[in-house]
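J.: Have a look at the structure that comes next, please.
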Amino acid sequence: MLGAALRRCAVAATTWAGPRGLLHSARTPGPAAAIQSVRCYSHGSYETDEEFDARWVTYFNKPDIDAWELRKGINTLATYDLVPEPKIIDAALRACRRLNDFASTVRILEAVKDKAGPHKEIYPYVIQELRPTLNELGISTPEELGLDKV
């Protein structure tokens, strides 16, 4: 049974769609066939939403986080196709405050607004959830700074 699955994967890896959508044999199967066969039957673990949130909250709550790690985390988080939960943003804002990096706080809030896209109800919800943290840390939103009119 495993051999049949490997053969199916190897065949899939050695064919390609031509300009009319017809399958043609690849010119040289090479090592891609072996790599593809492994991918066809592997079952990776999936991270739940709660595990994802906990991973990022833990990352930003590291007491020894430095400015480079903070920016790396913000950039990585911004590449995901999602709007981070308020608890992740809260942890990131607190990390910014520990590092006295006001520019990053504004950047985080602008990124959240951008990630919300056409869903106009998401950003106000996130700001509403973060309002106690923003007040506690003395952070102004981009709108309060007048940056939304630029």
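Sequential numbering from 1, following the chain as shown.
Just so you know, glycine gets a Cβ as well, placed from its N, Cα and C.
Pulled these from Swiss-Prot:
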type: MOD_RES; residues: Lys87; note: N6-acetyllysine
type: MOD_RES; residues: Lys113; note: N6-acetyllysine
type: MOD_RES; residues: Thr141; note: phosphothreonine
type: MOTIF; residues: 2-17; note: motif 'SIFI-degron'
type: TRANSIT; residues: 1-41; note: transit peptide
J.: Counting Cβ atoms within 10 Å of each candidate's own Cβ, which of the modified residues Lys87, Lys113 comes out highest?
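T.: Counting Cβ neighbours within 10 Å, the top one is Lys113.
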J.: Using Cα coordinates, what distance in whole Å links Thr141 (phosphothreonine) and Lys113 (N6-acetyllysine)?
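T.: With the alpha carbons as reference points, the distance is 11 Å.
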J.: Hey, how far is Lys87 (N6-acetyllysine) from Lys113 (N6-acetyllysine), Cα to Cα, in Å?
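T.: About 16 Å separate the Cα atoms of these two residues.
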J.: Over the span of the motif 'SIFI-degron' (2-17), how high is the average pLDDT in this prediction?
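T.: Within the motif 'SIFI-degron' (2-17), the model's average pLDDT equals 46.
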J.: Return the count of C-beta atoms lying within 10 angstroms of the C-beta of Thr141 (phosphothreonine), excluding that atom itself.
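T.: Total other Cβ atoms inside 10 Å, all chains included: 18.
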